[in-house]
Amino acid sequence: MFTEYIDFSQPTFYYIIAHILFNPLFWNTVARAEYRSHILTKLAGGNAYYGCYALAVTIFSIGITRDALYALALGNQPTLAALETPLVQGIAVALYAVGGILVLTSMYALGVTGTYLGDYFGILMDARVTGFPFNVCENPMYVGSTLNFLATALWHASPAGLLLTVIVYIVYLIALEFEGPFTSMIYAKKNEKKE
């Protein structure tokens with residue numbers, strides 16, 4: 001039944017799943033290695049900011065690659081006529097706008113080092129960001145990114161895209177289980193040093 005709506009024989013379907021799984025695994029692994037051994041800071045000549053910027057460029061680049069592969073994978077998948085309506089297209093545009101706003105405003109609020117794991121480099125913010133979009137949801141970057149995946153799936157009328165969006169959502173939830181407590185620990189240590 002599912003094979004009518006999702007073409008599991010398409011290699012791009014599995015490539016994008018691998019990329020979706022790889023990205024947060026990569027940035028969490030590298031960031032923790034940096035926290036424990038300062039490997040990126042050492043490679044950047046002892047400058048934590050340069051190390052963080054290099055990681056930022058890498059994370060941004062693999063994100064672009066993932067998004068391009070997602071579009072390619074959806075292009076190789078069947079569409080569902082029930083999703084090919086002006087209403088669904090309008091919902092897709094609205095979701096993409098909301099997702100984009102959440103991602104871009106959270107990046108603006110956090111800056112480059114706040115967005116790209118600067119805290120693992122010892123580049124800590126003075127206080128937790130609580131303004132928009134963090135007053136709307138706790139993890140606006142992940143929520144916004146998931147909404148963008150969903151919007152793209154709806155725009156392409158792709159059941160495969162909807163399944164991939166669920167995978168993205170689950171992967172982000174798992175990533176947050178590792179990132180949240182670790183980041184809290186980093187800031188708890190910062191506060192202990194102040195006392």
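Just so it is clear, glycine is given a Cβ too, placed from its N, Cα and C backbone atoms.
Taken straight from TrEMBL:
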type	residues	note
TOPO_DOM	1-10	topological domain 'Lumenal'
INTRAMEM	11-31	intramembrane segment
TRANSMEM	12-31	transmembrane segment
TOPO_DOM	32-43	topological domain 'Lumenal'
TRANSMEM	52-73	transmembrane segment
TOPO_DOM	66-92	topological domain 'Cytoplasmic'
TRANSMEM	93-118	transmembrane segment
BINDING	Ala97, Val98, Gly99, Glu179, Gly180	S-adenosyl-L-methionine binding site
TOPO_DOM	114-156	topological domain 'Lumenal'
TRANSMEM	149-175	transmembrane segment
TOPO_DOM	178-195	topological domain 'Cytoplasmic'
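Once Cβ contacts within 10 Å are tallied over all protein chains shown, the binding-site residues Ala97, Val98 are led by Val98. Sorting the binding-site residues Gly99, Gly180 by the number of other Cβ atoms within 10 Å puts Gly99 first.
Taking every pair among Ala97, Val98, Gly99, Glu179, Gly180, the residues listed as contacting S-adenosyl-L-methionine, the largest Cα to Cα separation comes to 26 Å. Close to Glu179 (S-adenosyl-L-methionine binding site) in the fold, though at least 6 residues off in sequence, lie Asn28, each with a CB less than 8 Å from its CB. Same-chain residues lying 6 or more positions outside the topological domain 'Cytoplasmic' (178-195) and placing a CB less than 8 Å from one of its CB atoms are 28, 32, 35, 119-120, 124, 128. For the topological domain 'Lumenal' (32-43), the predicted model reports an average pLDDT of 96.
Across the topological domain 'Lumenal' (32-43), DSSP classifies residues as 11 helix, 0 strand, 1 coil. Mapped onto DSSP classes, the topological domain 'Lumenal' (1-10) shows 3 helix, 0 strand, 7 coil. Residues 27, 31, 34, 48-49, 52-53, 55-56, 59-60, 124-125, 129, 131-134, 136-137, 140-141, 143-148, 150-152, 154-155 of the same chain lie 6 or more positions beyond the ends of the transmembrane segment (93-118) yet place their CB under 8 Å from a CB of it. Cβ atoms under 8 Å from those of the topological domain 'Lumenal' (1-10) belong to residues 73, 76-78, 80, 159-160, 163 of the same chain, restricted to positions at least 6 beyond its ends. Tertiary neighbourhood of the topological domain 'Lumenal' (32-43): same-chain residues 50-52, 54-55, 117, 120-121, 182, 186, selected by CB-CB distance under 8 Å and a gap of 6+ residues from either end.
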